[in-house]
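OK, TrEMBL features for this one:
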TRANSMEM  112-133  transmembrane segment
DOMAIN    116-421  domain 'Sugar phosphate transporter'
TRANSMEM  145-168  transmembrane segment
TRANSMEM  180-203  transmembrane segment
TRANSMEM  223-244  transmembrane segment
TRANSMEM  256-275  transmembrane segment
TRANSMEM  295-314  transmembrane segment
TRANSMEM  335-363  transmembrane segment
TRANSMEM  405-423  transmembrane segment
């Protein structure tokens, strides 16, 4: 045995304790380090010490080859010492990288992005399709109250079917309480007025110009929130309203389909929708468990109840006469659905109206689905771009003449809406 080994094996060193220093666990005797006990892969964070043993054999490094050696008489550690070594290794060793977990996370992120993209595409497509087929139905029948009523009714039937089949999770039982329905009354009233006013405005002017006027809704949202909610907005929000108003005004000056009645109805729709938002924040504060498409469904139910008597009183006497005239005229000239089919007769009319109602509900439901896949700022921006898609698609489909000044006004109004979306959501 070497001189170093002999000296380290001296009896005065036989009572020592094991401590980890950096990556190595060393033996300490009489206040000085005397050898390396073990080295754990990945170790480097722990600084604690093993409990001392009253009679623990030293383990020393040979001067020949540098390998760990034990005195022959004490070749094996007892079970207690082995347990302490295993405990230290488990406590200090870092887990190996989980490549499978990283791959799963990357795959999950790609899947979420693909889902969001599909919802956005579906939302845009349904919205564009609705605005086109809704305008076709209005041009054919000229019954905006009836068409508004039908769209709400089909949406209600859709939601009842979705709840019954489990396609959409039904709201909690508290949503069917008397208190909730009472709280929903003012919110649904504004929803009903906003929907009918929009339908009336689109019956009187081009879809593209109607949406330019609809883009001014943030102006009313800000003003009404200040008046009724006492909400304060940063300067950036107020500044963003200037291009919205300016763009809509420029577009109106050169709009060939301009209608004062249609413009006023579009503005009324904006006011009603802004009031819906204000009323929901006040009246539905205690019913946060009902949200998203389920809240929209309840608003549709109550709005339908509001609209049925009004539509019957205002237009009911025209319905039968109008249906007979349109069906008779379709015998010689069929009517178009989205440029995809030419239909005629009562069945064709029923298909046109049903498709209108389905797309109305679909674009609203998909807007909530899309909202669930992104943050508030991203959704606001996506909503702004959706209006651009609707304007462009309607111009292309109906071939409405649009002057350069119109396009300039549209661009300025949309830019203002985009700026508002970002400024209003910025924390």
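Positions of Cβ are set from backbone N, Cα and C atoms, glycine also.
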Under a criterion of three or more Cβ pairs within a distance under 8 Å and sequence separation of at least 6, are the transmembrane segment (295-314) and the transmembrane segment (223-244) in contact?
no
With a cut-off of 8 Å between Cβ atoms, can you find at least three pairs linking the transmembrane segment (405-423) to the transmembrane segment (112-133)? Only pairs 6 or more residues apart in sequence count.
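No, since the transmembrane segment (405-423) and the transmembrane segment (112-133) share fewer than 3 Cβ pairs closer than 8 Å, they do not count as touching.
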Do at least three CB pairs under 8 A connect the transmembrane segment (180-203) and the transmembrane segment (256-275), leaving out pairs fewer than 6 apart in sequence?
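Contact between the transmembrane segment (180-203) and the transmembrane segment (256-275): present, because at least 3 Cβ pairs are under 8 Å.
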For the transmembrane segment (223-244), what are the same-chain contacts with Cβ under 8 Å, counting residues 6+ beyond its ends?
215-216, 271, 274-275, 277-278, 281-282, 412-413, 415-417, 419-420, 423-424, 426
Which residues of the chain, 6 or more past the ends of the transmembrane segment (112-133), have a CB below 8 A from one of its CBs?
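Tertiary neighbours of the transmembrane segment (112-133) are 202, 207, 211, 337-338, 352, 355-356, 359-360, 362-363, 366-367, 369-370, 373-374, 382, 386, 389-390, 393-394, 397-398.
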Looking only at the domain 'Sugar phosphate transporter' (116-421), report the model's average pLDDT.
91
